[in-house]
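Remarks on the structure that follows.
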Amino acid sequence: IPWDGDIVTCMPRRAIISRGLFLGDNPLTIAGPVFMLQLALSSFATGAIDYLLRPFGQCSFFSQMLGATLLGPSILGAIGTFKQSAFSDESLHVFDTFQNFGSIFFIFLVGLKFDGGMVTKSGRKSILIGISSFLVSMAITIPAIILLNIFVTTDPKVEQMLTTVAILESAVSFHVIVCLLADLKLLNSEIGRLALSSSLVGNAFSWSVVAVIIIWGDFLRTSVYRLVSRVSYILLMVVVVVCIMRPIMFWMIKRTPEGKPMKEVHLLVIFIMVLFTAFLGQATGQTLLFGPMILGFAVPPGPPLGSYVEDKLETIVSSVLMPTYFVGTVGKMKLSLITVAEFSVIEPVVLLAFLGKLIGTVLPAIFYSVPLEDALVLGLVMSTQGVVDIHHFRGALTFNSLSLGVYSIMVYSAMGIAGITSPLVKYIYQPSRRYVSKKSGSLLHFINTSEFSILACVYRESSAPAIIDLLEASNPNRESPICVNLLHLIELHRVATPLLIAHKRNDTSSSDYNLSKHIINAFKVSEQRNQGILSLNSFTAMSPYATMHEDICALAIDKRTSLIILPFHRLLNLDGLLESTNPIRNVNRNVLKRAPCSIGILIDRGTTSASNCLLGSRHSYRVAIIFLGGSDDREALVYGMRMGEHSNTRVTLIRFCIGDDMISTLNIDKKLDTDLINEFRHKFTENERVTYREEVVPDGLAIINVIMSMDKKFDLIMVGRQHGRHSPFVEGLTEWNDFPELGFLGDMLATSDLHTGVSILVLQQQYSDSEFPRILDP
């Protein structure tokens, strides 16, 4: 019996490698095959349950914990044969060691994703919500604990644990909230951004308080030597990471050419750093997780190093290492260990802590004029629990601050809270409906107002010249200047913190500006060329493709834009070749569904260059408008009418008709179409640069022949995405579309042999609430 009182059990030595069934070895009695089986079962059970429950709005934490529970001692683990074969006591030493590696790299990733700069940049609203969520929870649970101790007879050991339970349950975790928002695709929503900044403040504040309590407890209950040892370890780790390891990281960044990925040897160095910081913790008698977390904080965020390390580690940690951690967490629990006496005392504290965080979030949010429904959603998000909370529960269990029964109650409660919170948030909060409800109207109402606001989105540098030419052709003038809101969209891998950066004028010092500097500078040249009639606001959005449309729609609302311009997903690379990017296509489709204003998808054929100046060009910019009828075609016509007023633009309107006997049945928008055509003809009667012609065709195939004959005659062709309800022009042709988001004509032009430089702009008017479900699948 060693000094700590634990009983040592002697077990026979096990072989590591199996010779195989045919030579008489049972692989389930040999360490290597059993460990591989444990990894496979852990990854499969957690991944399968997550896959099955994801459509119901469940977060990955709940699903993975449920999968681990399936393998745990309460279900399959209760079957003697299964336990002895897959998770026998003698096989858990290797499995537990692997869990430690999982926790080390997981906590490193938590630090890597923690953006301390967001804490300092958080506004008063985020600071108040973050601090209040923790303090109100503590203010409710501590008095409740005092009352429980007075009026309820409890086990003295459980009574001592109640304060620890209250602190752990009241703490806010940034990483848990990031994962929940990523699962629900709300990272870029208004509530998502507020939750991220608030949780950062709450996380930093709550665990600062916990650290002070731990250090003060060491001072009161233990020797001064232990207190000095803990403080010295913290200082040593900070010095090693900040003064030695962080400069090495910056040296590696300097050695990496701009736009190139980091070398594999650099990733190896980071891995060694992670393991060394964990070793220092164990060598000094402290936790092995503090060092990796500090190291994660020290890694420079974003590309090239932060994004590269996260991209390389995220899959192996989340899909292989963490499932073993979940299974190990559940493996320490048994329903039979939970007594009614413990449950009746611990569960009220857990629920009061949850209620305290909910109230502590909702009340400040309402104070800052957040709508009640949004405040409730924010409260649910801030009150959820996840893997970081479980990690702290396990730490408290390791240091005997919690009993196994109390630990089991807290883990099951965390699962229940996460399992209820996630579907509620998904059901209550649907930001896409809010974008559609904030209808801005068609271009007809805003295109010639005092200021025409456009949101120009750019994924790659090669898209900038075509958009700049389009903006200059849009006729900025003194009576109706154009305000361009440039949004450079950069993909963030995995669930890193999304950022929407507003660049200040003449501020080129930040690293965020460097990511977008070439694109911003190209648009600045256009602004200077059109000084006084074209203004530029520059933004960079860094987020996953799955939620990037939220940034676009939110900025469109905030800046009250009338038109969003999106590059087509088949983009030109630096060599002039087309590259198709499906994630960008999904972003464009999501914007088409949810945008609060009109949308234009620009298909660039690569004839423009960054040096081309439209206003100073000797050649006119030739624009063709294809008009079949309907609201989207009217958007194209209105936009073309504004272009027609530009002194260096030639506009040709081609209206297709099927004959006088059928034209009255084309669509219900006939009068609006006719009125706008008449306005166009009247406005440009004496303008030689503007041409109108009609083409009488028997069917949609004839339209294709006419358009194909326009080869080499225009620089830009503008079409509407849809052409009225039940239009006979496109009857029977839409099912052949390769890109339904472009409509019939846009798809035909994008996939045709018109490779002589004509670009295409496909316009769609924003749809009303009643029309919204009709375009859910473009």
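Count begins at 1; order follows the chain as displayed.
Even glycines carry a Cβ here, placed using N, Cα and C.
Here TrEMBL flags 46-393 as domain 'Cation/H+ exchanger transmembrane'. The domain 'Cation/H(+) antiporter central' annotation in TrEMBL covers 517-609. The feature domain 'Cation/H(+) antiporter C-terminal' is assigned by TrEMBL to 621-766. Per TrEMBL, transmembrane segment is recorded for 30-53, 65-82, 94-114, 126-152, 164-182, 194-216, 231-253, 265-295, 315-337, 349-370, 409-429.
Within the same chain, residues 31, 35, 38-39, 87, 174-175, 178, 200, 203, 274-275, 278, 288-289, 292-299, 301, 306, 309-310, 313-314, 317, 321-322, 324-325, 328, 387-388, 391, 495-497 sit at least 6 positions outside the transmembrane segment (94-114) and bring their C-beta atoms closer than 8 Å to a C-beta of that stretch. Distant neighbours of the transmembrane segment (126-152): 159, 162-163, 166-167, 169-172, 194, 197-206, 209, 344-345, 348-349, 352-357, 359-361, 363-365, 367-368, 378, 382-383; these residues of the same chain sit at least 6 beyond its ends, with a Cβ under 8 Å from one of its Cβ atoms. Broken down with DSSP, the domain 'Cation/H(+) antiporter central' (517-609) shows 40 helix, 27 strand, 26 coil. The predicted model assigns the domain 'Cation/H(+) antiporter central' (517-609) a mean pLDDT of 82.
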